[in-house]
Amino acid sequence: MGTGPAQTPRSTRAGPEPSPAPPGPGDTGDSDVTQEGSGPAGIRGGETVIRAGMGDSPGRGAPERRHKAQPGRARKYEWRPEGPTSMGSLGQREDLQDEDRNSAFTWKVQANNRAYNGQFKEKVILCWQRKKYKTNVIRTAKYNFYSFLPLNLYEQFHRVSNLFFLIIIILQSIPDISTLPWFSLSTPMVCLLFIRATRDLVDDMGRHKSDRAINNRPCQILMGKSFKQKKWQDLCVGDVVCLRKDNIVPADMLLLASTEPSSLCYVETVDIDGETNLKFRQALMVTHKELATIKKMASFQGTVTCEAPNSRMHHFVGCLEWNDKKYSLDIGNLLLRGCRIRNTDTCYGLVIYAGFDTKIMKNCGKIHLKRTKLDLLMNKLVVVIFISVVLVCLVLAFGFGFSVKEFKDHHYYLSGVHGSSVAAESFFVFWSFLILLSVTIPMSMFILSEFIYLGNSVFIDWDVQMYYKPQDVPAKARSTSLNDHLGQVEYIFSDKTGTLTQNILTFNKCCISGRVYGPDSEATTRPKENPYLWNKFADGKLLFHNAALLHLVRTNGDEAVREFWRLLAICHTVMVRESPRERPDQLLYQAASPDEGALVTAARNFGYVFLSRTQDTVTIMELGEERVYQVLAIMDFNSTRKRMSVLVRKPEGAICLYTKGADTVIFERLHRRGAMEFATEEALAAFAQETLRTLCLAYREVAEDIYEDWQQRHQEASLLLQNRAQALQQLLGATAIEDRLQDGVPETIKCLKKSNIKIWVLTGDKQETAVNIGFACELLSENMLILEEKEISRILETYWENSNNLLTRESLSQVKLALVINGDFLDKLLVSLRKEPRALAQNVNMDEAWQELGQSRRDFLYARRLSLLCRRFGLPLAAPPAQDSRARRSSEVLQERAFVDLASKCQAVICCRVTPKQKALIVALVKKYHQVVTLAIGDGANDINMIKTADVGVGLAGQEGMQAVQNSDFVLGQFCFLQRLLLVHGRWSYVRICKFLRYFFYKSMASMMVQVWFACYNGFTGQPLYEGWFLALFNLLYSTLPVLYIGLFEQDVSAEQSLEKPELYVVGQKDELFNYWVFVQAIAHGVTTSLVNFFMTLWISRDTAGPASFSDHQSFAVVVALSCLLSITMEVILIIKYWTALCVATILLSLGFYAIMTTTTQSFWLFRVSPTTFPFLYADLSVMSSPSILLVVLLSVSINTFPVLALRVIFPALKELRAKEEKVEEGPSEEIFTMEPLPHVHRESRARRSSYAFSHREGYANLITQGTILRRGPGVSSDIASESLDPSDEEAASSPKESQ
């Protein structure tokens, strides 16, 4: 590997040699597969060969290395090439040392034996047991046929309003206290429950459909002696599965064999960790050799003993017991569910974990019931209203008691009217008033809100501007109850790969000898026809065209140009796949990373074609001439070296060292710094400005005597070549690769940042790649100070010393901050990441936490400084001391809070190398300590847990895999659509629902508080003022349509203005449109309206001698009702800002319904049918026929409207006009001060920012040099040097003893 020893030729290398190979294509007879204590094992006649050409390259004849059997060690250790064995961070291989170690493993699986695996049980509760091993069926839906009704009712009655209505319905069913018909509340309640249940059922049916699509995917399972086509849901633990190229792995499986050499298997894990580069997995050598036929696979009875299912994506320890021998297993032998098989024709695996036991499903988390901030606020407001109604009812009940007592005292001769005691009658009147005033919390408001949420969701589905035509993906609201949350988002947590980027890397530009070549270069003239017709190996998909560069290549005019392309064709780990029969001249490259594939393809198009490789040779075609280079050593990429080097011998005999890597390490090792080097630096700076991913190329010729000396003595290259600064003689140039972003990503992020939304990128990819994308999408900028581990430690030290004072305002105003951290550092820093998620639910008061730690302040600060020193020197993180568990928990909370506070003060946060569980816990931490609305967006299975944890989850469709979509609340086709989803639909939904709630509370109080004032004048008897039909139809017809229009169509600004002025989005983040204060204002406004309507009518009704006189209850009720209806109609007219014909129609229809229904219910013919049901006979006509009464109604409406009109329209307009006049009088203002540009913080010795980013995976060089990865090779192989020839690689070089 890159940090370990490089390789020496086999003739000079001490130690054991690799294992033997099976016969080559031309061999006959039995293969060389052997087992300890047995002779050669061939393939018997009649057996079907499932693996052709498997094994190591021919000519490798030494037996495999084994540990000798020792007493008490009944196991076998198998040698195989050392390489990376984890997906994200390199997992450390853990071999089992003795039998006692196996006792810690609780998971035991036997191959091809379902009966054996099915006997294991686990206790659930009491005596109830179930099968220990889960099936491979995935269920993300919340309900099934039996659980839907009870579970849905249980969830619905978590709403306080539903409980309130249920209590009122129960009280209403008691005849002695009921003041309204039983069906007046029970019918709306049933409708409300039915509507919400239907909505939940539709949402859950979509989940069931997605689950069926996944569970019904086809796979091949070994049944008996053949593989049969089955479904994913039919898989069981212990089954042997056959996977083909491009198949998705259906469960966590132990790799048994593959058609690749040495049973390698290449997998793409972009759906798990977001990395685009390929990773390799390798089967055990024993299964690779022995399981070569279907018959042998069917008779395989090996037993795997391993750790129980867990969420650690990069860790696995176990052993395989087979034929009385044991073989250790690690993550490098495991294929995880969700991976996609790449560049491997066929592989075979043994299912270890299935279904919800798989690692990816362990990281997915549980389905949470998401509630919006307004929904939670409504629960609290319902409690407040209920308590207020109870208090009012108590006051009215006491008033009734005093009234009855006074009546009995003054009218003792009518004592029979009140036969019961005063207390008993007051008790019953209390409940009567409670039922009468229960409509203060109108059930119709909750019913209409369901239609409003549904309608706004439909508008999202219908928005053609969020339709992604290339992949036919429309926007979709999978959850219909979170629309207003879209207008309150403060934090966005985004995946990188597939979310911000397209996963497409293209060769964009290059710089050779200080001259830039590329599509945008002045020297570039785009040809009218294909310039690569002369090259039969050219890839027509490459879009890089440069006529001047092509002319230099074809005329051999510049040696540096030839060396440039020669380096790209030689210095890599790419393999050549077999060409299709119909196109024998077409080369198929197998690249470990898209970066290397793009570089080798570019060299191929310019005439330097990589043809093939063996263990110690590379064959390329240079402008039609085939040349073979002998590979003497390969030094692979790693995170420390940041470069790859290849030492080759040219056909002419000269030895040359080719190196490509980061500019920061290449320039430090140049022989000289001339004009060409400075020109290359300028080109790199320009490439960095364009956010291209760059690599520098350099080489040097190595003298024969130096190489021979190195070969014989195995000394470090830094000692041999003496001068580190002169290790590379000549700089060839630089390459620039474009990691294409999705369309509109930079503009979207810029707009969202203006909306006061903080964007965090959480990715499993490497840090260099993530930072490069951060600059490309303008999340990071050159004037930002990027904080990494050391800076974070220093700042947190200040936090602890200053007692919860993280950063001063002065320090924040000086520079913009960005945070870049990795998952390992988060694991050390945040205690919650090492605990169960329920630890995040523990709330510790911050003041109490500091008080707990105040007693041991000195020791605490000393321990914190010690912890920081431990971090700096790479030692385990020291935890602050605590006297007891509570103090320890307090310190943990403070440590978490410090990190969240620091991150929240940064302009951008990028978390690299994080697991799916870490993504979710980061989101949970922000929610815990900042109580803000969070949104998570991603496209892969590794984003599911994050999407579920966030308040709003958005899944991107159209990428590989739909698991993120199935667990999301909203579906988009591209990241750029998030801008319109939040700023337009989210903001509109928030504005609409807030205006709807405010208006509904206002009109409810305006209409219902009249009952209270009326009770003060009727002896507190509980007699309703209004006609019964007015109460029944008020929220159904008379006032519903305008408020429904507000909830569905209201727009305070247009969609274009919402996008042009993203600052308007802040109103939702600050809860400005509906909060406790707005609620109090609405209630107060409704109370004042009811006072005006009631007492104005009461005042005119006392004028019994005037022309507007009326003294009957019915006329009084009609006048109050009419005043109330017109007042709330004027209020809705003032609220609406988006006027359309539909808006006018809803207002006219509401008034028309009132006129028609009032005339009908108070007509003579209905009175004749049922006088008790329709008692208001011609009351409307007596009111409408009196101009004086109508004038009183108009006066009441005017008194209610004019103050509101002045506050909302006249005063703001005058204030704005006055501000404009003052601005004109003052004239153009001069700048009092100018903001100086922020100083650029240089993290390197040079001022230029390095845009190096390479997604290559460490370990492929060893596979090549050991022959593990090769199908064919020469008759005599040679291992690569065991020491690094890279003269600057002190850490990679090794001594002779180490190589042995």
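Using the three backbone atoms N, Cα and C, a Cβ is placed for every residue, glycine included.
According to the topological domain annotation in Swiss-Prot, Asp1112 and Arg1208 sit on opposite sides of the membrane.
Between the listed ranges 178-197, 238-257, 618-637, Swiss-Prot ties the annotation transmembrane segment to 178-197.
Away from its own ends, the transmembrane segment (1029-1048) comes close to residues 180, 184, 439, 442, 444-445, 448-449, 451-452, 455-456, 992-993, 995-996, 999-1000, 1003, 1007, 1117, 1121, 1125, 1128-1129, 1132, 1135-1136, 1142-1143, 1146-1147, 1149-1150, 1153-1154, 1157-1158, 1161, 1174 of its chain (Cβ-Cβ under 8 Å, at least six residues beyond either end). Beyond the transmembrane segment (1142-1162), the same-chain residues lying 6 or more positions past its ends with a Cβ under 8 Å from any Cβ of the stretch are 1027, 1029-1030, 1033, 1037-1042, 1044-1045, 1049, 1118, 1125, 1129, 1132-1133, 1136, 1174, 1176-1181.
Ranked by Cβ pairs under 8 Å to the transmembrane segment (431-452), the stretches 382-403, 996-1016, 1183-1207 are led by 996-1016. Considering only the recorded positions Asp495, Asp939, Asp943, the residue whose Cα is spatially closest to the Cα of Phe637 (ATP binding site) is Asp495. Cα distances from Asp943 (Mg(2+) binding site) to the recorded positions Asp495, Thr497, Arg693, Gly764, Arg913 are smallest for Asp495. Beyond its flanks by at least six residues, the transmembrane segment (1113-1135) meets 995, 999, 1002-1003, 1006-1007, 1010, 1025-1027, 1030, 1034, 1038-1039, 1042-1043, 1046, 1089-1090, 1092-1094, 1096-1098, 1100-1101, 1147, 1150-1151, 1154, 1158, 1175-1177, 1179-1180, 1182-1183, 1189, 1192-1193, 1196-1197, 1200-1201, 1204-1205, 1208-1209 of its own chain at Cβ-Cβ distances under 8 Å. Same-chain residues lying 6+ beyond the ends of the transmembrane segment (382-403) with a Cβ under 8 Å from its Cβ atoms: 160-161, 164, 422-423, 425-427, 429-430, 433-434, 437-438, 440-441, 1012, 1015-1016, 1019-1022. Take the Cα of Asp939 (Mg(2+) binding site) and measure to each of the binding-site residues Thr497, Arg693, Gly764: the nearest one is Thr497.
Counting residues per DSSP class in helix, strand and coil order gives 18 helix, 0 strand, 12 coil for the topological domain 'Cytoplasmic' (1049-1078).
Per-residue confidence over the topological domain 'Exoplasmic loop' (172-177) averages out at a pLDDT of 78. Of all residue pairs in Asp495, Lys496, Thr497, Glu596, Phe637, Lys660, Arg693, Thr763, Gly764, Asp765, Arg913, Lys919, Asn942, Asp943, the annotated binders of ATP, the farthest apart have Cα atoms separated by 34 Å.
Take the binding-site residues Thr497, Asn942: by the count of other Cβ atoms within 10 Å of each Cβ, the lowest one is Thr497. Following the DSSP three-state reduction, the secondary structure of Asp495 (active site, 4-aspartylphosphate intermediate) is coil.
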